[in-house]
Amino acid sequence: FLVIAGCFVIQGLSCGIIHAWGVQQEYLANNVFNENSEKNKALGYIGTLMFFGLYLWGMLAGWIAEIWSYRNVCFIGVFIMALGQLLASFCTEPWQLCLTLGIVFGLGTGLVFGPTSTAPAGWFTKHRGLATGITVSGVGVGGLIIAPLTEFLVRETSVAWSQRITAIYIVVFGTISCIFVRVPVQDKNRSFRSFNWRAFNNQRFAIHTLMVFFVTAAYIVPYTYLPQFWVSHGISSKDASVLIAVANVASSIGRIIIGFAADYIGVLNSLVLSLSIAAISCLLVWPFATSIGVGIVMSIFYGFTAGGYWTLAPLAAAKLFGIEKLASNSGTFYTVSAAGAWLGNPVGGAILS
């Protein structure tokens, strides 16, 4: 359980900050670069790069952790995450933020994402799904705390000092949490493929991989652009950050409950149901979420159901293709997820504008 706790906190610090990026982007777009459409457009790539790095480097980090040490990889990732935030505090142009937050911070999140996503499962057999759900729910809890905290720091101090303070709490809480990240036994001869082309001979594998691509492309878009959407319809920045926090709360709860429910109604049934509701909320609720009341509905429905994907995705892959092939297929899924993450925000921003 200490392993779960450590991974929970690190997931909150890494992915939670990515989920809360929309709050900072909204402030920069409306108060710093409000008269420069090109710079505002460039801001959209920062969240894309962070999410892209999460998967691109997460793919390699899982392999490095297997042959070296889960704990050491996480220590390095935490340091790089903090460094990215600190360097970002001295930036004045979007392209500089793309380098510091998008690439440097994205590298750090990728290094901690792989090990913390898989380490807890090694300690459980009967309740592995629940253990995974609790671990990844740290993303939602992190977003719940970080989104309003970021809005408060930006409003009361500045964007720069908000990033410096973020770097400090990453180092403090991240370093302590890394101490508890470990696995029962490490197979240092474990093989890993960055992309498994042969698996595409299986039609079911190809369809599943296509699903991974589109879900990853769409997932982060609401978290990135809903704050700007709400502010453009008269909702205050403070209330918009609260609505994002609500989405993160719902995400945390959804990751646990949906993972628990999958043990009873089936992993694939849970996956189809949760993703369908998430898609419907974007299609039918988002266009009308111009008030706080409807915004809360959107946050709850989307956060709860979309969050379940992160619990169910590895379980679904194990169910469809066998637990013994999960390691060899993980490189393919990470690569496809990185491609989807790269596509999602720019397309979402173009549609929104």
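Using N, Cα and C of the backbone, Cβ positions are placed for all residues, glycine too.
The domain 'Major facilitator superfamily (MFS) profile' annotation in TrEMBL covers 1-353.
Annotated transmembrane segment per TrEMBL: 44-65 (among others), in sequence order. The list of residues near the transmembrane segment (44-65) in space but at least 6 beyond its ends in sequence, with Cβ under 8 angstroms from a Cβ of it, reads 14-15, 18, 21-22, 25, 73-74, 77, 94, 97-98, 101-103, 105-107, 109-115, 117-118, 192, 194, 216, 220, 224, 330-331, 334-335, 337-338, 341-342, 344-346, 348-349.
Here TrEMBL flags 72-88 (among others) as transmembrane segment.
Positions annotated as transmembrane segment by TrEMBL: 94-117 (among others). Same-chain neighbours of the transmembrane segment (94-117): 6-7, 10-11, 13-15, 17-18, 21, 28, 33, 39, 42-43, 45-46, 48-63, 65, 70, 73-74, 76-85, 87-88, 132, 135-136, 174, 181, 314, 334, counting only residues six or more beyond its ends whose CB sits under 8 Å from a CB of the stretch.
Residues annotated as transmembrane segment in TrEMBL: 129-147 (among others).
If you look up TrEMBL, you'll see 167-185 (among others) marked as transmembrane segment.
Here TrEMBL flags 205-225 (among others) as transmembrane segment.
Per TrEMBL, the feature transmembrane segment maps to 240-258 (among others).
Here TrEMBL flags 265-286 (among others) as transmembrane segment.
Sequence-distant contacts of the transmembrane segment (292-312), counting only residues of its own chain at least 6 positions beyond either end whose CB sits under 8 Å from a CB of the stretch, comprise 129, 132-133, 136-137, 139-140, 215, 219, 222, 226, 230, 235, 239, 243-244, 246-259, 262, 267, 270-271, 274-275, 277-278, 281-282, 285-286. TrEMBL lists 292-312 (among others) with the feature transmembrane segment.
Count of Cβ pairs under 8 Å against the transmembrane segment (240-258): among 72-88, 129-147, 167-185, 205-225, 265-286, the largest is for 129-147.
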